[in-house]
Amino acid sequence: MVKIFATSVALLIAVTTAASVPDGTWPSSTGTVQLKTAQIVKAGEVFDGKMQTFERSDVSCEGQTESGSDTAVFKLEPGATLKNVIIGKNQMEGVHCDQHDCTIDNVWWDDVCEDALSVKGGSASSVTTVTGGGARSADDKVIQHNGYGTVKIDGFYGEDISKLYRSCGTCGDKAKKVSVSNVLVVNPGNAVVTVNKNWGDEATLSNIWVKSSSGKVKICQWSQGNANGEPSMLGDGPSPPLCQYSESDVHINGEVPKASGTSGSSNPTQTSSGSTTSGDEKTGARHRRAEGDERTVDDELQVGRQEV
């Protein structure tokens, strides 16, 4: 009886802590803070931005120009938490977790530059969590995973992005893991997740919702990592342990359920197949937003149809 009770409690906790699938609503900013240098969140500390927009006063986006943590808005030390923050467009690297084990809670990137979140360092047991929040207008990846360990993404919203998650394809033989659940991605340009086959990466996906004007979407694709050059794309689709999911985990152009955090709550109107691009690593276009833009997911889809 005790074992049954303990199991029931564990299951209840798992259900109640799962994030809901986003509905595409973008948060309103409560004000803007411009920083002269990256804000450091110390180990074990919690930084609550109270839904203010944070950006740099001395840095402007330069597209896919590589820079580093000095052009970020926030730098998190191991065990640090960043929550209730909107990252403005004046920055290059967004948020850096340069060592390991960071918590990102309800953080929104209004206009992604080179990367939104960079995760580096750590060990095989390191875990960085991204819960809630969202990102839009990313020519390339939103979350760049260069280090070891696992990144957990739950309840995230992506809009006009190339990739939600990219396991670094040029960082050498570092096996990385990612779990993605309860996400909504509108018009992904390349794939939801990209991992490396030859370096032992593993991706687990569940309850993935995609709005796409083309109807052809790569959910999980894999490349041949190359520490001395650009990685080459090899394939996509369910392929355990590399890409662990089933077609029932993916919902394309279906009606997103309200306040749903569990998989399989609605049948997909289309299954994932094909690709919107062939080996392209970037969307090739930025959809800059003026402040106060309140376009809905359906508006975004209509724009996509007009552009195709």
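For all residues, glycine too, the Cβ spot is worked out from N, Cα and C.
Keep in mind that TrEMBL annotations are predicted by a computer and have not been checked by a curator.
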From 128-147, 228-247, the residue range that TrEMBL assigns the feature region 'Disordered':
228-247
Helix, strand and coil counts within the region 'Disordered' (228-247) (DSSP)
1 helix, 8 strand, 11 coil
